[in-house]
Amino acid sequence: MNKIALSLSAAALVLGGAAAALAQHGGSRHGPDADRDGNVTRAEMTAHAGTMFARLDANGDGRLDAADREARKAQRFARLDTDGDGEVTQAEMDAHRAERRAKMAERRAERAEKREERRTERFARLDTDGSGGVSQAEMQAAREARSEARGERRMSHGRRGGRMMGMAMLRGADADGDKAITRAEFDAALERRFARSDADGDGTITAAERQAAREAMRERMKERRAARQSG
């Protein structure tokens with residue numbers, strides 16, 4: 001795969017992830033629903049798109065292309081070359097590894113703390129009547145909710161599915177066919193996806209509209225699978 005393809009593949013993954021985020025639950029910590037109220041407004045989607053584009057546009061030229069890949073390589077080297085002399089010494093490598101290990105240990109501690117918080121939250125969600133115990137009916141309701149959530153995760157197919165969805169969006173995003181995605185093209189691709197999910201056109205994607213978008217996405221995926229199998 002050439003450098004241009006690699007750069008656009010990264011853009012495709014982000015576009016696909018954004019599209020999936022619109023169809024999935026709105027309250028994700030990393031998703032577009034900034035206030036986590038369960039609705040995604042056009043303003044929230046625009047802000048989220050800006051953050052994603054800035055992350056990919058490594059050289060800040062307003063385009064996603066092969067130059068960004070080279071800029072990211074330069075940035076990685078600069079993080080290692082702390083004295084800026086154009087060479088990375090053994091001491092700089094050791095310092096970088098030590099810093100990474102410290103950050104990983106910090107993240108592990110944070111994850112452990114969050115896991116404990118989630119366990120408490122999960123029990124509270126199971127114990128819907130607040131009795132301090134979980135009844136058979138409450139367990140059954142929780143199983144049904146988990147089953148629905150698993151279906152939604154399968155629908156998105158994780159990282160690979162996000163890239164496939166994004167590549168489909170990219171085919172329409174690169175309007176002038178120059179193998180680069182401008183901010184305007186990026187925004188236009190997400191706006192088309194937003195408009196498709198915002199059924200009543202009021203500028204907000206509600207939980208009901210996300211559910212409808214999920215069902216529509218499932219149907220499109222079924223049709224594509226059937227077409228591949230028959231082809």
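Glycine too: its Cβ is placed from the backbone N, Cα and C atoms.
Between the listed ranges 62-95, 164-197, 198-231, TrEMBL ties the annotation region 'Disordered' to 198-231. The feature region 'Disordered', as given by TrEMBL for the ranges 101-121, 143-163, sits at 101-121.
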